[in-house]
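*Asks:* I'd like to ask some things about the structure below.
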Amino acid sequence: MEVVKESEPNTTTMRKALLVINCIILSIGNCAGPLMMRLYFIHGGKRVWFSSWLETGGWPIILFPIACAHFYRSRTQPSSENKLFFMKPQLFIAAAVIGILTGLDDYLYAYGVARLPVSTSSLIIASQLAFTAGFAFVLVKQKFTSYSINAVFLLTIGSGVLAMHTSSDRPANESNREYVLGFLMTVGASALYGFILPLVELTYKKAKQEISYALVMEIQMVMCLFATGVCTIGMLVNNDFKVIPREAREYELGETKYYIVAICSAMIWQCFFLGAIGVIFCASSLLSGIIIAVLLPVTEILAVIFYNESFHAEKGVALALSLWGFLSYFYGEIKQSKENKPALETEMASVPNRQE
């Protein structure tokens, strides 16, 4: 029984380390992804389907860590059952369906970023947390504590504070119709991704096989593959493949930088998607939504620095509320883990006695 006592803390430590790594990956993608997308549009890019394609088009990158994990297992755990891919058909279908929904969400989000400043689109996406919390409660029976409810409330209020100043952020030479349509598309993207996150968690729970992080990367790859397929169809219908070479030549930063922006954007968005479903694997869809929400004011500050977007008092208040909500959530998690630890130790100590 000593083995069980030792392996349990080790597993918990590994899970926490993996959670921290995925939080960092998600932070990189969540902050840099919108900035790269906006960089494409403000310097002459106009293809919405192409921009949405870039959000998941970098999926082949995931093959590298999957292959590394396979070779590592081959050396440390030689076995005839050590396959490159472990995903069963049922899980593959579920990931494919989520990928199709992600492709639609990519288009809605790209359309909004094309019409709105980063600061405005970010504050709208903050409403995603409310959708995530609601769908998590319905789909995976998410249990809420007073601390998690407080975090959702503060982060939602933060986005509401930002909404008070959106009118001054409207880009020049943009009609009211385009601005309103971009606003509505971004709200739709927020609601849809708020549904996708708990759906991923439900897929983990309902999968008829053990979910490992290697399998999480496979799910990420399949999701992005099908999302890219949806966006590829949109590009074909919209003749984007014919226009891209001409658009690259006319790009304000130059043709070479056009393709550099596209490639970097595809790579950075992979960090976002892998980080998001990785946090769900290590914790929950609610935590993934909270991290996304708390990073939105950070994205706005970066937009102020790099794109000279206005920074007003409301953004500062929203940042403070976001940090407060974030700390509230983690304080509640730490407090709950400390309360659960004595009960777990008592239960494990009683196992040898029952064996005797």
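Using N, Cα and C of the backbone, Cβ positions are placed for all residues, glycine too.
What TrEMBL lists as transmembrane segment is 17-41, 53-72, 84-104, 116-140, 147-167, 179-200, 212-238, 258-281, 286-307, 313-332.
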*Asks:* Can you say which of 17-41, 84-104, 116-140, 212-238, 313-332 has the most Cβ pairs under 8 Å with the transmembrane segment (258-281)?
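*Replies:* It is 17-41 that shares the most Cβ pairs under 8 Å with the transmembrane segment (258-281).
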*Asks:* What stretch, picked from 53-72, 116-140, 212-238, 286-307, has the most CB pairs under 8 A with the transmembrane segment (84-104)?
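*Replies:* Ranking 53-72, 116-140, 212-238, 286-307 by Cβ pairs under 8 Å to the transmembrane segment (84-104) puts 212-238 first.
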*Asks:* Which listed range (53-72, 212-238, 286-307) shows the maximal number of Cβ pairs under 8 Å with respect to the transmembrane segment (17-41)?
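*Replies:* Result: 286-307.
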*Asks:* Does the transmembrane segment (53-72) reach the transmembrane segment (212-238), going by 3 or more CB pairs under 8 Å (6 or more apart in sequence)?
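*Replies:* Result for the transmembrane segment (53-72) with the transmembrane segment (212-238) is yes.
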